[in-house]
Amino acid sequence: MITNKKPRSSDTDSNYMRDDRTEMSEDDDRSPPSDSIANGSCPTRTCTPGSGSGSGSGSSSIPEYSAPYPDRVLENVLENVLWFLTSRKDRNAASLVCRSWYRVEAMTRSDLFIGNCYAVSPERATSRFTRVRSVTLKGKPRFADFNLMPPNWGAHFAPWVSATAKAYPWLEKIHLKRMSVTDDDLALLAESFSGFKELVLVCCDGFGTSGLAAVASKCRQLKVLDLIESEVSDDEVDWIMCFPDTETCLESLIFDCVECLVDFDALERLVVRSPSLKKLRLNRFVSIGQLYRLMVRAPQLTHLGTGSFSPSEDVAQGELELDYVSAFAACKSLVCLSGFREIVPDCLPAIYPVCANLTSLNFSYANISAEQLKPIISNCHKLQTFWVLDSICDEGLQAVATTCKELRELRVFPFDPREDIEGPVSEVGLQAISEGCRKLQSILYFCQRMTNAAVIAMSKNCPDLVVFRLCIMGRQRPDHVTGEPMDEGFGAIVMNCKKLTRLAVSGLLTDTAFAYIGKYGKIVRTLSVAFAGDSDMGLKYVLEGCPRLQKLEIRDSPFGDTALLSGLHHYYNMRFLWMSACRLSHQGCQQIAQALPHLVVEVIKHEDTVHMDDYADTLYMYRSLAGRRHDVPKFVSIL
């Protein structure tokens, strides 16, 4: 059973891959198999070395680059050109041209992305890239969100903050995802980077309000503090009060995941002292009356997370009489709306004035009906991103399809994720969306029943799909009309959607579905499989047929050693492979480790499973220039 560590609206467990509702996309990296730190040494090919003193655009505290060659003109020109390359894919390609390009590209890279914190050591990264201003670091694999990885597995931020503090005292931005962060880490960060401006923590844990207090009090130039789906402990320190009393530089403050009270008066004063604030997402302890006060103070907001969107428990009569409609109407720039954590439906009409301008609306915490949704969605003609609970039923999705012709991304989450219920959304809603929202590029859809016909219709009506994730809750459920496997539906998706890079499959699937994926999914980068497949041939089709596959995550599927060994030719090109509750033997995992010595092969044992000596509970393997990590817990064996 998968239990989401941050349940939205009930205490029930979910058996399925639920999206973590974060903003740092799992498929953001469009780089080729070589990551930002793909090559430990310079390429073997050489070109005539130029030169250049490339001063770049960094501040005076960043070391100047001086080419060690007599003729420095070529490298000077090259450096000035490379400053305009922002794509990781383009930069990685440039670094492979020759030694000179490799060296200059490293010297001009200001944004460092590490897709796996164990793929390279902090020392190696900082020694190659010496002028970095922004670091993005990812830790645990996505299945950690569903309690499929034991606690204390690793992904510690400590060695990285220590290394960057020494190498990049001018660092301005740190983005972390699924990392273990301590209060000491945050204190060191706050003390080490005098010009620090942006901290984003997505699905992180291990820290509390005292760590946030250190950041708030010492990072005087802070523009962004975003805490998204992270676990924050209550240290009984009111971190909001620790921001400086003078005018702040804050542009974005997101703390909707923080499960503890904040001093509202201090928050209100902070908002007043932050004239540049554009994004504000509040936690569930902020009532709608308090939201009103903040909106009146900050009508310049473009992104708003409403908090509870209900009156406080000790509500005064005055709070009930506030003119919420006028408050929203005054926010002329508002384009993104979320929150609604403990919504009172009678308060919903307050948002009517801003609906016409919204491009993003998140109702994934709001248990509302189709009738409550219709007056809102009927005015959302500019909407491009919509997240919602399945409580709106097929009828609500039909209303979305009628109005939202510009929709690019749709996510439909289950209000009740149990398998043995009659779900409120089905193929009817999916087909309506495909017919009405022809510009759709990304969809995550949870349902209890589906048909091949509806999925085929979506593949034809929405050929621009880049992400297709269909999660049919209930193990190995067929087309509920014909009783056939869902092979043809998923086959149509990979055949007709030529831009598809991310795919999640579920329902009753045979090897035929995986044969389709292997044959047509030539640019698929991320594949998620749950409770699906017939035999080893299914996985073999994928590993032999998908040359750009970077991330493969599989659970509770009948794939064994033969399937695993069929990917030997490809694993060095992948970021990671995760397989849990499959049919892998320790011997098969050992064979992979022996055949690919530069691949880290971890076998993870779970305490709550019946130990079987012949089979591995979970296999997690990833490419790494650093080799075996040094913080291996007892339940992990590295082969």
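Every residue gets a Cβ built from N, Cα and C, even glycine.
According to TrEMBL:
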| type | residues | note |
| --- | --- | --- |
| REGION | 1-64 | region 'Disordered' |
| COMPBIAS | 8-24 | compositional bias 'Basic and acidic residues' |
| COMPBIAS | 37-49 | compositional bias 'Polar residues' |
| DOMAIN | 71-110 | domain 'COI1 F-box' |
| DOMAIN | 131-176 | domain 'Transport inhibitor response 1' |
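Counting residues of the domain 'Transport inhibitor response 1' (131-176) by DSSP class, helix then strand then coil, yields 15 helix, 10 strand, 21 coil. DSSP labels the residues of the domain 'COI1 F-box' (71-110) in these numbers: 28 helix, 0 strand, 12 coil.
Per-residue confidence over the domain 'COI1 F-box' (71-110) averages 84 (mean pLDDT, predicted model).
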